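Chemist: Before I ask anything, let me first share the structure, which is written out below as structure tokens.
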Amino acid sequence: MEKKMFCYQCQETAGNKGCILKGVCGKDFSTANLMDLLVFNLKGIAIIMTSMRHAGVKADYRKADKAIMESLFATITNANFDYSSIAKRVEKTFALKAELYSLALTQGIELPENEAVTMQGKPEEYDRLALSVGILRETDEDVRSLKELTIYGLKGLAAYAEHADRLGYVDEEINAFTERALHDVTMGLLSAEELTALVLETGSFGVKVMALLDKANTETYGNPEITEVNIGVGSRPGILISGHDLKDMEMLLEQTEGTGIDVYTHGEMLPANYYPKFKKYNHFFGNYGNAWWKQREEFETFNGPILFTTNCIVPPKANASYKDRVFTTNATGYPGFKYIESDEHGRKDFSEIIALAKTCQPPTEIESGTIIGGFAHHQVLSIADKVVEAVSSGAIRKFVVMSGCDGRQSGRNYYTEFAEALPSDTVILTSGCAKFRYNKLQLGNIGGIPRVLDAGQCNDSYSLAVIALKLKEVMGLDDINKLPIVYNIAWYEQKAVIVLLALLSLGVKNIHVGPTLPAFLSPNVAKVLIENFGIAGIGTVEEDIRTLIA
């Protein structure tokens with residue numbers, strides 16, 4: 001069968017081998033190929049930037065740093081489906097590469113004769129050029145696997161760095177590493193062993209970027225607090241905000257105050273409800289709906305406008321009534337959806353969304369009641385004595401980390417069934433949208449400690465690492481793997497990849513990953529991860545309960 005594209009970066013990739021005609025996500029082949037060209041341009045920019053850094057050239061690297069992070073983010077699964085949007089990024093990166101190339105030459109820097117550095121193209125040439133720079137350009141399956149594992153980790157890292165940057169928090173060391181890693185996977189000079197080391201180094205920088213974003217979020221909006229979140233609806237029109245960007249959340253709440261419009265979170269924006277600064281807004285009503293993949297039904301019943309601040313977008317059905325009510329911003333895009341730009345100061349005008357909301361009916365109720373969350377590291381460590389006492393007394397036998405992503409595959413019912421089957425002396429630690437598989441179950445509590453502790457968004461997996469390291473210290477253990485903590489993680493896209501690599505870099509072993517192992521892991525690379533880190537897939541609920549809760 002003719003390959004019109006090749007992409008295997010997400011968990012739902014066709015046959016767990018790769019999408020070759022159209023993305024399972026809904027991305028058409030021309031857009032997928034254009035993303036390959038965009039990443040190829042970023043590799044060229046990174047090679048030039050790394051060469052200039054090594055030469056000690058004093059320059060304003062900010063423009064290139066932002067271009068790399070923002071464009072990597074735009075290629076994450078379900079972020080951007082808009083060919084024209086990606087084409088604009090390709091055009092800008094060609095221009096930036098030419099600018100940096102000239103600067104390097106004027107500084108007397110000898111640049112490598114690598115096609116990623118030298119390639120230039122006009123818009124009418126993009127489709128042709130894109131066909132020559134895809135993933136399969138690397139013919140060695142194991143080398144390709146290690147390179148793509150690094151790149152997918154970098155995509156997740158870039159997403160978190162971009163969020164922190166929006167709040168004014170930047171780490172130059174993270175930017176320089178990202179460029180060096182792109183340089184290293186492109187130049188073809190590293191052995192398989194060196195590429196494996198680069199994968200783990202990417203994980204260690206994943207820890208750094210999650211720490212940076214945690215600092216940005218908590219210093220800006222306060223430490224998340226234990227919060228009961230309303231999942232019902234009010235009587236006023238609403239705006240639904242989805243994604244991860246808390247800066248957009250802040251601006252939307254500011255601009256909707258006093259307008260008679262309520263604001264609801266959806267999907268990964270749910271944890272915004274836990275931040276103290278947002279609680280002062282009386283029109284911040286609560287959360288509507290569930291994980292990203294249910295949006296086709298939930299956007300219909302919400303009745304009002306929807307704002308995507310990041311992934312995950314699901315292409316709407318042709319007859320969807322909500323298509324004209326969806327807005328995108330930042331790295332996101334979809335043909336026909338309106339895009340909200342920011343000004344030179346990063347501010348956005350949401351007046352069009354607000355005006356539309358005023359013409360809409362209030363949301364239709366799909367559920368009622370409350371759910372509880374806000375168990376990030378500051379909150380949990382404030383009750384560390386209580387937690388340690390519960391472990392010491394045997395009241396809590398095991399903590400089960402079930403962070404990660406949700407998805408459409410029917411096999412993901414496993415995670416609901418697994419949560420229900422866990423013994424009553426276990427506590428689930430979660431973050432990311434995987435929580436929607438079990439955060440509305442009535443699992444009770446242990447001595448006042450809820451049996452599902454939601455730390456927040458996928459990046460708040462950092463909180464779970466902080467909690468684990470603190471418990472290791474308090475309990476006087478010399479190895480994080482001696483803690484009564486086991487890992488059964490659901491993955492979907494590239495932010496889950498950087499979380500996994502971060503855990504590996506911290507020395508965590510015996511992580512179960514599902515519902516399938518990534519297609520981009522070649523048999524030999526998978527073998528290395530299994531032998532050195534105890535990485536495993538999932539089995540049946542009964543088998544995994546026996547294995548993990550011994």
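A Cβ is built for glycine as well, from the same backbone N, Cα and C atoms used for every other residue.
Keep in mind that what you see is a predicted model, and the values were worked out from it rather than measured.
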Chemist: For the hybrid [4Fe-2O-2S] cluster site that Swiss-Prot gives with H244, E268, C405, C433, C458, E493, K495, which of C312, C360 also belongs there?
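Modeler: Checking C312, C360 against Swiss-Prot: the hybrid [4Fe-2O-2S] cluster site match is C312.
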Chemist: Of H244, K495, which of the binding-site residues has the most Cβ neighbours inside 10 Å?
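Modeler: Its Cβ has the most other Cβ atoms within 10 Å: K495.
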Chemist: Tell me which of the binding-site residues H244, E268, C312, C433 ends up closest to C10 ([4Fe-4S] cluster binding site) in space, Cα to Cα.
Modeler: C312
Chemist: I'd like to confirm something. Which of the binding-site residues, E268, C405, C458, has a Cα closest to the Cα of C19 ([4Fe-4S] cluster binding site)?
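Modeler: Minimum Cα distance from C19 ([4Fe-4S] cluster binding site) across E268, C405, C458 lands on C405.
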Chemist: Specify the count of other C-beta atoms within 10 Å of the C-beta of C25 ([4Fe-4S] cluster binding site).
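Modeler: That number is 23.
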Chemist: Within 10 Å of the Cβ of C19 ([4Fe-4S] cluster binding site), how many other Cβ atoms are there?
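Modeler: Other Cβ atoms found within 10 Å: 24.
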Chemist: How long is the line from the C-alpha of E493 (hybrid [4Fe-2O-2S] cluster binding site) to the C-alpha of C25 ([4Fe-4S] cluster binding site), rounded to the nearest angstrom?
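Modeler: Given the Cα positions, E493 (hybrid [4Fe-2O-2S] cluster binding site) is 11 Å from C25 ([4Fe-4S] cluster binding site).
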Chemist: Show, in sequence order, which residues other than C7, C10, C19, C25 on the same chain lie with their Cβ within 8 Å of the centre of the Cβ atoms of the [4Fe-4S] cluster site.
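Modeler: For the [4Fe-4S] cluster site the neighbour list reads Y8, Q9, E12, T13, A14, G18, G23, V24, K27, A32, T77.
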